[in-house]
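Have a look at the structure below, then the notes.
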Amino acid sequence: MAIRTIHHLRHHLIHHLKPYHHSCLLLNSSVTPQTTASVLWRSVSHSSSIPETGVGSNLKDSSSKSLSNSSLNQTEVAKFAAIAETWWDYEGPFKPLHLMNPTRVSFIRSTLCRHFRRDPLCHQPFEGLKFIDVGCGGGILSEPLARMGATMTAIDAVDKNIQIARLHAETDPLTSSIEYSCTTAEQMVEEQQKKFDAVISLEVIEHVANPSEFCKSLAALTVPNGATIISTINRSVRSFATAIIAAEYLLNWLPKGTHQWSSFLTPEELVLILNRASISVEEMAGFVYNPLSGEWTLSDDISVNFIAFATKSNK
Ligand SMILES: C[S@@+](CC[C@H](N)C(=O)[O-])C[C@H]1O[C@@H](n2cnc3c(N)ncnc32)[C@H](O)[C@@H]1O
């Protein structure tokens, strides 16, 4: 291992273990889940001095902390702007998302077909349904959903991501109708744009500034009885070892610093903040990587990567 990497690893360990100590305190039984969650959100908010390169120019200035961009964490968003060109490089930094995609699409297909009473075996089961992909990146998920017949809107805070997603989608008549836009969920809520039958946000919540407010915006974008799907990484000891140390430092799957362990949510915390936004989680599954086959499969093991299917109350 290069000395530079050891240095990075040491720095990262110190950086991550401080908040871990903090969140251990939260496990004290005298602390209610509500206070646990709200204290945790405060502990994970990061300040940033990174310039806004690549962040959509049509987004309102978030430095003034205007409500309409409350989910933006400039540090996180700048990381994605820096690697935007690599979205469709199957061997690049988004390789893990490309490898996971068939498995997460199959979870979405089966849960949403059941919820909307569609035939999962038909070619375009989502025909006539409006979906939004929040934090769509280069469109890795939006495209298969459009091919399954969904009327797709896809949004991301990084303008470069949206441009690349648009260019890629234009190459196929089945995906060219995806409506891409550089914006945030809360900005869409504020502008009172349309609502969606399903609101999907995969691998995004761990990068936003205020997960609780973010979930409220997702709820506001969902029709009554609509569906929400969220995937993220559990804040567990295993995720520290695998999603950060192994993926970023040993295997170099992801650029170093891609994830902040303290920003991960446990499944219980996700259920809690969704509940507060009138969304109830109906089903959860884990994603497990098989290093021999190089494939991801769905599993009951939610200790690292997990996905939740939830429904909005009928209000
Ligand atoms: C790990 S990528 C996931 C991309 C895509 N959802 C997928 O799974 O293929 C996270 C994405 O969320 C976007 N993002 C981060 N914060 C955001 C926010 N507050 N609102 C909208 N998009 C955001 C980033 O620009 C990035 O494209």
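For all residues, glycine too, the Cβ spot is worked out from N, Cα and C.
Note that the structure is a prediction, hence the values are computed from the model and not measured.
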Matching residue for the S-adenosyl-L-methionine site, where TrEMBL names R104, G135, L202 - out of D119, D156, D159: D156
Per DSSP, three-state class assigned to D156 (S-adenosyl-L-methionine binding site): strand
All-chain count of other Cβ atoms within 10 Å of G135 (S-adenosyl-L-methionine binding site): 25
Filtered binding-site residues, from R104, D156, E203, H207, whose Cβ is under 6 Å from an atom of ligand 1: D156, E203, H207
Residues close to Mg(2+) site centre defined by E203, E206, H207, Cβ within 8 Å: E76, G135, V204, I205, V208, T232, I233, H259, S263
Distance from G135 (S-adenosyl-L-methionine binding site) back to E203 (Mg(2+) binding site), taken between C-alpha atoms, in Å: 8
Least surrounded among the binding-site residues, given as D156, E206, when other CB atoms within 10 Å are counted: E206
Other CB atoms, at most 10 A from the CB of H207 (Mg(2+) binding site): 23
